[in-house]
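Here's the structure, in structure tokens; my notes come after.
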Amino acid sequence: MNHHQQQQHQKPGEQQLSEPEDMEMEAGDADDPPRITQNPVINGNVAMADGHNNTEEDMEDDTSWRSEATFQFTVERFNRLSESVLSPPCFVRNLPWKIMVMPRLYPDRPHQKSVGFFLQCNAESDSTSWSCHAQAVLKIINYKDDEKSFSRRISHLFFHKENDWGFSNFMAWSEVTDPEKGFIEEDKVTFEVYVQADAPHGVAWDSKKHTGYVGLKNQGATCYMNSLLQTLFFTNQLRKAVYMMPTEGDDSSKSVPLALQRVFYELQHSDKPVGTKKLTKSFGWETLDSFMQHDVQELCRVLLDNVENKMKGTCVEGTIPKLFRGKMVSYIQCKHVDYRSERIEDYYDIQLSIKGKKNIFESFIDYVAVEQLDGDNKYDAGEHGLQEAEKGVKFLTLPPVLHLQLMRFMYDPQTDQNIKINDRFEFPEQLPLDEFLQKTDPKDPANYILHAVLVHSGDNHGGHYVVYLNPKGDGKWCKFDDDVVSRCTKEEAIEHNYGGHDDDLSVRHCTNAYMLVYIRESKLSEVLQPVTDHDIPQQLVERLQEEKRIEAQKRKERQEAHLYMQVQIVAEDQFCGHQGNDMYDEEKVKYTVFKVLKNSTLTEFVQNLSQTMGFPQDQIRLWPMQARSNGTKRPAMLDNEADGNKTMIELSDNENPWTIFLETVDPEMAATGATLPKFDKDHDVMLFLKMYDPKTRSLNYCGHIYTPISCKIRDLLPVMCERAGFPQETNLILYEEVKPNLTERIQDYDVSLDKALDELMDGDIIVFQKDDPENDSSELPTAKEYFRDLYSRVDVIFCDKTIPNDPGFVVTLSNRMNYFQVAKTVAQRLNTDPMLLQFFKSQGYRDGPGNPLRHNYEGTLRDLLQFFKPRQPKKLYYQQLKMKITDFENRRSFKCTWLNSQFREEEITVYPDKHGCVRDLLEECKKVVELSEKGSGKLRLLEIVSYKIIGVHQEDELLECLSPATSRTFRIEEIPLAQVDIDKENEMLITVAHFHKEVFGTFGIPFLLRIHQGGHFREVMKRIQTMLDIQEKEFEKFKFAIVMMGRHTYLNEDEYEVNLKDFEPQPGNMSHPRPWLGLDHFNKAPKDRYTYLEKAYKIHN
């Protein structure tokens, strides 16, 4: 019977029971229902915490938080059991655990009956966010002989949808009820469960209370970063040094040392999980960087390197090397001559191979194993020539803190991807390493104590990361699982993370250690010295506490934001200099902002405003800015007396922020006690005055006036002349600024305001100008034309198409401009000729250049920008040309690669005549590339697909026949002198390409090679070696094959003589590619280590 196979399944065909009352039998349901007896908890190994927040006595009193327990459940009258029954709860990790027992019948096998035995967790909870991983032993007690008790193991992640786990067919009913077997006595059966649970997630788990430590928040797939940070935090000597780094002048958002100080300080003092977003932000990473899963060694090195550099020149300089640096010597010793090469190197961690190794000792033995250099692999000993030698490394020193990287993740060349090795690999709590040192010190043996075990669960594509730490080096272990910290046993921390799969243990084989941290026993007290508040500089404490205070204040403001509103006060001086519609530009105006309780009254606000602005209440008047139906925004009357008791939110009509124009007396008159003139809201009107100057094409603000509604326009002319500084007899032309693009001239000056102005209201604007015939010669002679031109103005961002992410520059244009007017304006900005510019539309669906504009485009700028949304930035692209646009538009942009004389490819763009041929393309190419001094001076165009040359294009071939595609590239190269003239009878140009094992896996730079009928292949090989500049030792590893129709035939280099027919298409298959010569060798070019979603770790600050 395969117990483990069954344990992975819930009760097949049965509904999951979540409400205990549904499973209990009520009195009357049966004549004599089975009675249930709960035995007390047999044992519970309560996990003690040594943190300062609690004592061991406290933990012993509160057994509900324990990590493991054994409890029993006795069912009497067992033979009458017909329904599922549940035991009373036993609390582990403060969650209720119950034994569930049921009879199990099989419809297709009526004579077979079994006992269902399950462990249930937290089934009565309404929460859907909790989870708890546990291992358990389910046992039916044998009354006669406890050793014959029947048990099975389970391992499961309990959560709201799978809150019970066990076996539908735990034992045959007949076996349990057979008195001879010993499982039943007096019709009673006792069920027992031993459960060992991890700390739960999604419930009120107080890590500080139970362990004395806090975790780190999971801020979005930061992988092992949390595990690494906890490991570094508990390297106490490092933590002390980090605190001592001077960061007083550092930018709080960019300083890595300050961010690390902040995380360490909060881990030491906080009662709740600590966030890491400020730390990753200080690295200068994009959001994507937090999700990139690379090895922990890389992150550890760049982080410690960054901190080490920041420590230079400070009192803690050298701390990182002192803690983590060791030295090793790499040597090569010749066997038969007196020659030895040595190089001493520093290391900060050791990468240990685990594949095929039983334990850490075997890995160290493999690390220092001597490699024999003999045969084809002899060592070049200079004047001694090639010699047999021994190559290896020896450790000179081992650091106080030893980081061991276990190579769980490795590249598999067969699958061309990284894989995870889940093999069992053992490591001890105490690690003696003297045998691996070149020279030992009897007074200080290299004995190490295990301090941290970093663990990964899952495969190469993802998973979960935790770290087990021995914080004080005393064998009391804790498990740090992101935000949850819990006590754990030594076995959980060490043995359970060996990996592999042991049928006797319920440990998933994909859960195993990938990094170990050992501390030298002689340095244990020094490295783990207690870190107290006295070790933290006072100025750092004050800075971090001030940050906390500010964050708390901002948090409080966010929480109370719904109680407040903003009132934006705009003063009259903000109207001066405004050159547009209405009184001011909302995007440029400087407001005085007040934070006001929504339920406060207008009277209270006016009192506060008066005190803040320094004017008595009779020297100020409030005019809320009111949006009109025509799209303008003008001041409107607010009656302080009538509306004084109304709330601000009521008066603002829920507008937030609420903008108010604050009218005050002239500051020069304020000291004399002058007050604002009275305003009769029923008979008076407030008007604003602007003066337009056609010569400067500008507006001048001339203040505001109160005037009776019955006043005639002519009565206002003297006031306007005075405000503008004109003589009183000056003739004026008047306009009403109604709305954008609508400015009406006032014709009759002898009518009242209500008849002269359209729908007279407070805040109406009159624009006036001199009636001067000289204005007719101005570009914009009247205010009406000025506002019309203003309405057509648009800010356009011009970005250089050739510069990625170019922010560009802004030019204010009229959307009535034609192509040449736009080009002329932009050319002035760039200090170039308009004819040397080409413009491109912006793509509508994404931010980027679209189709080019022809220089004879007949539309206006408005036509080009019509698809932009009203508030969307208007953007066009340009590129500067080396020829006039009229000539350029008749050419074609042709991207290709150029193979230079050093056999290196570079991307170029040439511009041949679009109606030309390949010859024109090659001639244009000669203008932009550098040819060899002693070369042929002749070029050719090759077409390349999948790193293979598939053809040479003839010079008279039309360019329009060369269609670009992502799967093909074009390459231009200078024809070698040896290939200019080919004897077609006896010679041929063949394609040569590189591949490794599979002919479809081509790579590198393909090339053409001249071969001669009957020539020895060794001579061909020699020419290839010279062309590729490959050392003899490396070239010996190459294999050569003729590849035809996807199949390759390896050549015997010593016997093969060149036969041109081997490289000709087969008869009847002329449409297929010609056979080509393949070079089979390993691709040593650096393969992109990261996919398009990945980048190498780099801390930018």
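Cβ coordinates come from backbone N, Cα and C, glycine included.
Here is what Swiss-Prot says about this protein:
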ACT_SITE  C223  active site, nucleophile
ACT_SITE  H464  active site, proton acceptor
COMPBIAS  19-31  compositional bias 'Acidic residues'
DOMAIN    68-195  domain 'MATH'
DOMAIN    214-521  domain 'USP'
REGION    1-64  region 'Disordered'
REGION    53-208  region 'Interaction with p53/TP53'
REGION    70-205  region 'Necessary for nuclear localization'
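Other Cβ atoms within 10 Å of the Cβ of C223 (active site, nucleophile), summed over all protein chains shown, number 21. Mapped onto three states, the DSSP output places C223 (active site, nucleophile) in coil. Summarised by DSSP class, the composition of the region 'Necessary for nuclear localization' (70-205) is 10 helix, 79 strand, 47 coil. Residue pair C223 (active site, nucleophile) / the residue listed as 'active site, proton acceptor' shows a Cα separation of 7 Å.
Of all the Cβ atoms in the protein chains shown, 14 others lie within 10 Å of the Cβ of H464 (active site, proton acceptor).
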